[in-house]
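Asks: I have a structure here, written as structure tokens, and I will follow up with some questions on it.
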Amino acid sequence: MAVTWNRPLAEWYTENTSEWTLDYPPFFAFFEFALAHVAHFLGIDGILEISSTPKFSQQILFFQRFSVIFMDVFYILACALYAFHSPKLTDRIPVKLRPNARQACFVLLAALPTLLLCDSIHFQYNSMLTSLFLISMYFVDCERYLMAALSFSVLLNFKHIYVYYALGYVFFYLINYFRFSGVAGFVKENFPKALLLAASLLFPFLFSLLPFIHVDGFQALQNIAIRLFPVSRGLTHAFWAPNFWALYNFADLLLYRILSIMEVGKFDAPTYTSGLVQEYSHSVLPNISPVGTLFLVTAVSTTVLFGLIFGKGKDFSLFAVLSALSFFYFGYHVHEKAIILITVPMTIFAIKDPKYLRHLVHISTISSFTVFPLIFTLMEIPIKYAVAIAYFLLLLAMIKHFTRMPLWDVLPKRHVIAFGILTIAEFYHTFIHHRLFSGRLPFAPLMAISVLNAFEVTAFFVSLFWNTFLDGIIETTWQKGACRVREQLIRDSLYPVQTIEDEEDVQLVAGVDISASKTNPDTVVISMSVWKYPTCEHVKTVADTRILRVPYIPQYLAIREAETLAEFVKDVMKRFPHLRPDVLMCDGFGQYHSRDCGMACHVGALTGVPSIGVAKNLTLHHIYDNVGAKNKLKVDRFVDNVRLQLKSNKPAQSYIPFDFVLPVKLNIIRMGSSMSGVFVSAGYGIDLELATKISVRMLQNNTTCEPIRAADLSSRELVRKHFDSDGSKKKRD
């Protein structure tokens, strides 16, 4: 501010009286120039004096603070614009939860703790700049790509760190803005669009740079470039940002210590633990140049984003996350505050696709721990902890508000443990270390926090990469292999299960079923209905929302649903021990399956409760495969004969065995006055005869067994009530 007020335009990027030089692009310099006029008008001239030492007064403090607060208004408006008007924000959210999702998006963006702490305490204007990014994202969602490009170009001319998003824009525009309809027509169709895009991007740069070129020629461009991209500051910041290079420094330090103790070779002592901004050399590992980091960033981000092009046409917010994450993780001299560039688009992407909400909770919490060391005065310490804790609770509350799923689903145990370790490290750094060491080893706790956070950012990167790219062929192959291994263990009866030998051991029977939102099939309601046996009296029905994180694979439905169903059942049994069933009925098949291991087998093995598969429709594809094409007609005649017996209401017994293929794995029981049958197969920990007897006893209506029917009705009703007008059912195999 003082530089722009006191120096002519030609000297803005060369003035170096103070260590706080102008190192932002011209639009931000013009913004500071405008603030200088406001300060002068208000009579706060102390802030306008160039000095080699810091200037402080209550007037300066209040001016800086209220200027930040005033500019935050633009950020709040941008949050409202995106959250309440983006046409694509809630495409995958169940209809009745869409208003809640928009509210959650606004609240979570507006209350972002890293922005609040950095801007309000460090007197920066990151929120104002982030508002430009949100406006650009809004235009992308509206498919107004030229306005989005113009907004982003303006943003780059305010703060060049937002170049972290540049490759995300490039790859997203390649598949959404340009049209690839053939080599012949490509140039003709896209050349005018390319010109318009180039004009949208270049106009802000011309408007920004021409005044400097006018007064100082092209030397001005060199001066600006030197200030914006200094390469003499070292690979990492004074406090290491939690990225790959923090781990690299730590590995170099460990190697130096170990080799020094072992007296193997001679190495220079590390200087990157001094807590100073400076160039340095590594002691053991190779030195990393700015060009090397640029190459690595470009290679990684290009590879990752190129994968999105041939993927599922992911949302722009994911392009932005992956681009910023690549720059943050491998970039040269990354500041810890740059993690904000990941959390903002990640907040939006996780709301658009709730499968990524646990990623959002993870990176949001890590971002708070990352900026904690920047705020260290006695008055600020309780504020930063209060803000971070409040936001963490707010985040969980907003997730519950627009998903209705249990919070533990977004807080895996590994993350809880990691947060606990980081809390201990932060507590030690703030309250214990200086008392134990009296000013010695001041960088040690900071290094510990940085390295621990770097491990978590790495875990976030790997998990995001896995969930985004490996849910195709690699994920399918992996999941199928894991499923076959589990099925072999099930067939070998290696999972523990409670034993029932006859009907006298059965007092409670539960049915479990699942219904999915029509808008987003990954959002489901699971219901478990418990009934007394053999009186068929209803005891209780429990239901809850879950997110399915694995795609549907034909003939492998258990991969998608079994673990989620089993976790729900175990959760119910833990919360309501008196509801633990002796037998569990599942909507689907058990041992009557192409691999002798259907959904009921998986759920029974994973819960330790004997299970029965109860299906309303008969599938024959694996029977056809077993008997061959020449016997297909015999199978059809056998099934027709079964239907005739059901229609005549004269079966020889209470069920008809499907004994065309031996051994018998399926019995068909008649549903009251209905002409259809219920198809019963043993699941896990029970034989077919006992499974059939129990199913016959629980058959009290013309649809299916009562526990299954009640669970089905309950899950559908909750989907209608909370998500859509009606619930959809998934295929059973």
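Don't overthink the numbers, they just go from 1 along the chain as shown.
Each residue, glycine too, has its Cβ placed from N, Cα and C.
No curator has checked TrEMBL annotations; they are predicted automatically.
According to TrEMBL, the feature transmembrane segment maps to 27-48, 60-84, 104-125, 132-156, 162-187, 194-215, 235-256, 291-310, 316-335, 385-403, 415-432, 444-466.
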Asks: Assess whether the transmembrane segment (444-466) lies in contact with the transmembrane segment (27-48), where contact requires at least three Cβ pairs under 8 Å among residues 6 or more apart in sequence.
Replies: no
Asks: Between the stretches 27-48, 291-310, 316-335, 385-403, 415-432, which wins on the count of C-beta pairs under 8 angstroms to the transmembrane segment (235-256)?
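Replies: The stretch I would name here is 316-335.
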Asks: Looking at the transmembrane segment (385-403) and the transmembrane segment (104-125), are there 3+ C-beta pairs under 8 A, with each pair at least 6 apart in sequence?
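Replies: Counting Cβ pairs under 8 Å, at least 3, so yes.
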Asks: Mind checking which residues reach the transmembrane segment (104-125)? Cβ under 8 Å, same chain, six or more beyond either end.
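Replies: Counting only partners 6 or more residues beyond its ends, the transmembrane segment (104-125) has Cβ contacts under 8 Å with 28, 31, 64-65, 67-69, 71-72, 75-76, 79-80, 82-84, 89, 134, 337, 339-340, 343-344, 347-348, 351, 367-368, 370-371, 374-375, 380, 383-384, 387-388, 390-391, 394-395, 398-399, 401-402.
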Asks: Other than its close neighbours in sequence, what residues sit by the transmembrane segment (415-432), given a CB gap under 8 Å and a spacing of at least six beyond its ends?
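Replies: Apart from its flanks, the transmembrane segment (415-432) reaches 358, 361-362, 365-366, 369, 372-373, 376, 381, 445-446, 448-449, 452-453, 456, 459.
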